[in-house]
Amino acid sequence: MDALLTSPFIPLKKPSHNRKSNTTTASSSSSSFLQLIPQTKKETLDFDLPRYNTLISPTLDLAVVGGGPAGLAVAKRVSDAGLSVCSIDPYPNLVWPNNYGVWVDEFAAMDLLDCIDASWNSASVFIDDNNRKLLSRPYARVDRRRLKSRLLNAYLSNGVRFHQSKVLNVVHEEAKSVLLCSDGTRIPAAVVLDATGFSRCLVQYQQPYNPGYQVAYGILAEVEEHPFELDQMVFMDWRDSHLGFRPELKKRNDGLPTFLYAMPFSSDLIFLEETSLVARPGLLIEDIQERMIERLRHLGIRIKRIEEDERCVIPMGGPLPVLPQRVLGIGGTAGMVHPSTGYMVARTLAAAPIVADAIVGYIGGSGAEVSARVWKDLWPIERRRQREFFCFGMDVLLKLDLEGTRRFFDAFFGLEERYWHGFLSSRLFLPELVGFGFSLFGRASAGCRLEIMAKGTVPLIKMIRNLLKDLE
């Protein structure tokens with residue numbers, strides 16, 4: 001508790017949002033708020049980015065495919081070391097569309113507190129109508145404009161080049177790889193990094209890819225009012241009293257539950273997201289929207305304007321990419337999504353220096369040698385073992401209905417903070433995770449223990465088998 005309370009805290013401030021919209025500003029009942037969804041607005045940053053010269057094309061040290069946070073962070077650090085870098089993306093000036101939430105201590109550890117635009121000194125978890133847990137761990141929303149602007153400013157100082165196109169394929173030679181772009185451009189580079197996220201543009205997978213899916217629908221909305229405290233965000237709300245008069249919807253939610261995640265910025269501005277934690281196959285967005293409509297109606301939230309809406313489909317778990325391979329990966333394309341939670345932003349930003357420093361340190365050898373060394377640094381055995389445990393957690397969660405999920409999180413958030421903090425932030429490794437598992441089992445109710453034993457035995461055997469196989 002003491003460690004948490006001394007974490008850096010950014011006082012809550014109302015972020016700047018553009019209130020101009022083509023949509024109606026009339027209040028909407030929850031049942032019709034989807035009518036207020038604005039047309040997709042693509043916000044761009046005003047940077048004059050230096051372009052890659054297609055006429056003079058010496059082999060680059062690094063070509064980064066994709067312009068998300070992790071890819072830009074790697075490119076920035078590699079260019080800091082004086083290496084030549086090109087970032088290839090169809091929309092290099094575009095502001096990232098999704099709202100990213102992080103624990104404040106995660107961004108503090110990376111000296112990124114200036115890239116937060118709102119924060120809350122605590123978070124709440126509603127297990128059910130009679131059980132609410134208060135998490136004394138500051139939480140924040142990432143300032144997408146500021147984070148990308150910070151990285152692009154460094155790019156300009158370091159001489160990074162940009163090419164606005166989509167990469168279609170890559171051809172490997174012994175000492176370099178050549179990227180083939182949709183506009184016909186060929187870009188040679190000693191090292192290629194695929195940072196395209198879940199599209200997995202270039203990174204190869206051999207095993208059958210059958211992940212779980214986290215599916216969510218969210219809105220940034222101006223509302224008449226909402227019932228949430230302004231100094232707390234809602235991390236999870238598993239209550240289902242809003243479905244009392246919708247028996248068919250309640251039955252679906254009993255089997256495949258969803259929860260509400262909410263970030264209140266002011267008394268009339270809030271981000272609301274209905275989320276399926278993990279399911280296989282993933283839930284339909286329309287199903288999630290229907291549940292969200294009923295929840296907002298029950299909470300008395302009337303939407304006046306929707307400023308943004310987002311639809312997230314996040315693959316979780318599944319096999320790692322082929323290790324090693326010539327194309328490097330980071331983030332979603334490298335299997336770095338937390339298989340039990342869907343978290344990725346802080347983890348991948350923290351991994352960016354590892355990948356970048358490995359590239360800088362190993363470049364100069366053959367393409368295959370460099371790639372093999374970098375992949376080894378990104379996925380050392382302790383990280384692979386950690387991921388196997390997280391996949392075990394995901395496999396258990398896949399089998400839980402609403403009541404089982406409630407019992408699980410009642411025990412989870414009742415653990416010592418070092419355990420649930422470390423689990424959510426990928427800071428626990430296998431010996432600590434074993435301790436986490438025993439502690440969770442000991443904390444759980446009798447019903448939860450029986451369920452873990454009944455539904456976790458097969459996933460546990462699978463995890464042990466994979467851990468032993470990784471030693472071969």
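In case you wondered, yes, glycine gets a Cβ from its N, Cα and C as well.
Here is what Swiss-Prot records for this protein:
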REGION    1-27  region 'Disordered'
TRANSIT   1-25  transit peptide
BINDING   62-90  NAD(+) binding site
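Sequence features, as recorded in Swiss-Prot, placed on the structure.
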residue : record              : DSSP (3 states)
Leu62   : NAD(+) binding site : strand
Ala70   : NAD(+) binding site : helix
Val78   : NAD(+) binding site : helix
Cys86   : NAD(+) binding site : strand
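When the binding-site residues Val74, Val78 are scored by other C-beta atoms within 10 Å, Val74 scores highest. In the shown protein chains, 15 other C-beta atoms lie within 10 A of the C-beta of Pro90 (NAD(+) binding site). Under a cutoff of 8 A between CB atoms, and with a sequence separation of 6+ in the same chain, the neighbours of Gly66 (NAD(+) binding site) are Ile88, Asp89, Asp194, Ala195, Thr196, Gly197, Cys201, Thr333. For Ala70 (NAD(+) binding site), the Cβ neighbour count at a 10 Å cut-off comes to 28, with all displayed protein chains included.
Annotation for Leu62 (NAD(+) binding site): same-chain Cβ neighbours under 8 Å, separated by at least 6 residues, are Val74, Ala75, Val78, Leu83, Ser84, Val85, Cys86, Ala189, Ala190, Val191, Val192, Leu193, Ile359. Contacts of Gly82 (NAD(+) binding site) defined by a Cβ separation under 8 A and a same-chain sequence distance of 6+ are given as none.
Packing around Cys86 (NAD(+) binding site) is summarised by its Cβ count: 25 other Cβ atoms lie within 10 angstroms of its Cβ, all protein chains included.
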